[in-house]
Amino acid sequence: MATANSIGSAAAPAPFHPAAPIGTLGCHLARRLVQIGVRDVFSVPGDFNLTLLDHLVDEPGLNLIGCCNELNAGYAADGYARSKGVGACVVTFTVGGLSVINAIAGAYSENLPVICIVGGPNSNDYGTNRILHHTIGLPDFSQELRCFQTVTCAQAVVNNLDDAHELIDTAISTALKESKPVYISIGCNLPGIFHPTFAREPVPFFILPKVSNQQGLEAAVEATAEFLNKAVKPVIVGGPKLRFGQAQKAFVELADASGYPIAVMPSAKGLVPEHHPHFIGTYWGAVSTSFVGEIVESADAYVFVGPIFNDYSSVGYSLLIKKEKAIMVHPNRVTIANGPSYGWVFMADFLSALAKKLKRNSTALENYRRIFVPPGIPLRCEKDEPLRVNVLFKHIQEILGGDTAVIAETGDSWFNCQKLRLPENCGYEFQMQYGSIGWSVGATLGYAQAAKDKRVIACIGDGSFQVTAQDISTMIRCGQRTIIFLINNGGYTIEVEIHDGPYNVIKNWDYTGLVDAIHNGEGKCWTAKVKTENELVEAIATATGAQKDSLCFIEVFVHKDDTSKELLEWGSRVSAANGRPPNPQ
């Protein structure tokens, strides 16, 4: 690899001028966060973390953002990490930790380095038989730690200053190396105490680059090139682990050199440039972009780069992909069809080397262009005709640009946003592997705070919004100018299409009234209700014009059965997969 991943190790790192006294654990942790690229920390105060929060506040390079609950603080750190490469949140012991853990599990599933910091008990209470508040009433303080062990790649319980420096630095550097969350618990009495291990400015991390086994790399490239150069109509499909493999540039290099058409798995949308001349759309089995499923599944060779095949991405295990035709490129391994597998071969190295060995072959791309028929345009709504979802997304498409980013909530927004064509530099994020409803509110807060050069456009269903609505408050307080389209269709539409029942119907809220109450005249916020296309056009014009510097919340009323055709197909197949009877014993 060309360069080391030297986090915070630039030739001339920016000087720190902290108000906090040098030599304390709290000051060291704050500076470490700044060094690795964190500028905003999402927190909920509690008595065990208050002195630590004082030190984070005193660090001029950090902005402490108080959230309405720990779950949203974790989601915000997730969204922040998607833009900045790393995020951080701070909560209190057990009641805070077990609240944020759902968000940390989601970050783990998405390979996001999130530093989850917990204010822990007084160091003197460890090893005693005392029962503390914020616990389940047992003199065992390890419950929270045990829960986090399964959803983080490293854990550090700091209750002794002598090894605090090592524990903190090891945990943070592990998060960066593994691209996974870590858990750090800090005794509540330790942040402000001087200790000689913290007496000097922390030396910036230098993360050694992962270098491929050269012999393995050469063998993998040779075998893959031989396989692909014999193929008649090969294709390339990008997967979600492109980000973890830091291989987006190398992926484009391969696409340019090979002439193959490129598609993306649904959870990789936004990781591959859709303005690329070889881009054909999303491969998602039976619910693929038109003509993409046919081109991919009829290919005689396909290169999957960083794929995740689960029941959702495989549409209930119904993909027509054959192992003997597939090259599987994982972050550190390449497997060729039913044949050899090469370990310690890193994705970016492999793709760049392979690009130099392939014969150019545009057969599949030419086939695609021959059969392609441009998608139809939704019919314009008649005056006073109720707004349709496809008309809504036609207008959302028109406001996308390189200075915007789309956040798609779990639900039908997955499918409707998947059909948006992303302009160059337009961001796109959603959480497909974990699929936690409500994720998008906190993630929007975090992403918008990290990517201040972009206007975030969030598409959120009413059921998901009810889970995490409170942190609209934090968006307003931070002066964010996101446009939120709240899609009010009266329930959990994605669940309806998998398995319907009365539990999928929710109590309707006055959503704009709620946001107006949260706004309470403080900060910039504008709301609108829209029921027709004309009202939608007017609302978007206001949001992108007179209210362009405000948080804009547009409640869109649609029929409860107005869903994408993709959701109907996907839901029936996932339902069938969920309903498989037990195998005979």
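Keep in mind that glycine also has a Cβ here, set from the backbone N, Cα and C atoms.
Straight from TrEMBL, the features:
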type: BINDING; residues: ASP462, ASN489, GLY491; note: Mg(2+) binding site
type: DOMAIN; residues: 25-129; note: domain 'Thiamine pyrophosphate enzyme N-terminal TPP-binding'
type: DOMAIN; residues: 221-338; note: domain 'Thiamine pyrophosphate enzyme central'
type: DOMAIN; residues: 431-556; note: domain 'Thiamine pyrophosphate enzyme TPP-binding'
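Within 8 Å of the Cβ centroid of the Mg(2+) site, not counting the listed residues ASP462, ASN489, GLY491, the chain contributes GLY461, GLY463, ILE487, ASN488, GLY490, TYR492, THR493, ILE506, LYS560. Mean per-residue pLDDT, taken over the domain 'Thiamine pyrophosphate enzyme TPP-binding' (431-556), amounts to 95.
Mapped onto DSSP classes, the domain 'Thiamine pyrophosphate enzyme N-terminal TPP-binding' (25-129) shows 51 helix, 21 strand, 33 coil.
Counting Cβ atoms from all protein chains shown, ASP462 (Mg(2+) binding site) has 24 others lying within 10 Å of its own Cβ.
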